[in-house]
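Input: a single structure, listed below in structure tokens.
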Amino acid sequence: MGCCTGRCSLVCLCALQLLSALERQIFDFLGFQWAPILGNFLHIIVVILGLFGTIQYRPRYIMVYTVWTALWVTWNVFIICFYLEVGGLSKDTDLMTFNISVHRSWWREHGPGCVRRVLPPSAHGMMDDYTYVSVTGCVVDFQYLEVIHSAVQILLSLVGFVYACYVISISMEEEDTCRNK
């Protein structure tokens, strides 16, 4: 019964990671953030693989999940550095959209308490079809919301890493005892 608690905890944690990743995926789609969309998609696939491995007693699948959590933590640390503009990174670049559009984080204009005001294009027509959007009154700036999302992902991944290592070690011990009999 003691072995089940680690597995059950990992299943619950994977479910939380799926919910968190799906929520993040939705808002990244709304903001046309293509790099995070791709990362979230891969994350969802690997978490499902880890969930399957945990339920079906497949330690190799859990190992893939464990390696992915390390990569996922690295990606989320990069996102935190990007939005906090650490090390020469700038949140105003088109890096998250692969330089194919001028879209930014959905939270930039739709954060909690934000009042969005669309201004008409300039008289010179320099802005073509783009209109300037003025955003005021945000309770929390968008970059901090993105940092919070990444911090939650890091926390869930680190706890998932620990539980995955525990479940793998329990699975390996069970295999060793079965081989010795």
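Any Cβ shown, glycine's included, is placed from N, Cα and C.
Annotation comment: Swiss-Prot describes 2-22 (among others) as transmembrane segment. A Cβ distance under 8 Å defines the sequence-distant neighbours of the transmembrane segment (2-22), meaning residues of its chain 6+ beyond its ends; these are 40, 43-44, 47-48, 50-51, 54-55, 62, 65, 152-153, 156-157, 159-160, 163-164, 166-167, 170, 174.
Residues or ranges marked as transmembrane segment in Swiss-Prot: 35-55 (among others).
Per Swiss-Prot, transmembrane segment is recorded for 62-82 (among others), and the stated evidence type is sequence analysis.
Panel annotation: around the transmembrane segment (152-172), residues 3, 6-7, 9-10, 13-14, 16-17, 20-21, 24, 50, 54, 57, 59, 62-63, 65-66, 69-70, 72-73, 76-77 of the same chain, lying at least six beyond its termini, place a Cβ under 8 Å from a Cβ of the stretch. Taken from Swiss-Prot, the feature transmembrane segment covers 152-172 (among others), and the record attributes it to sequence analysis.
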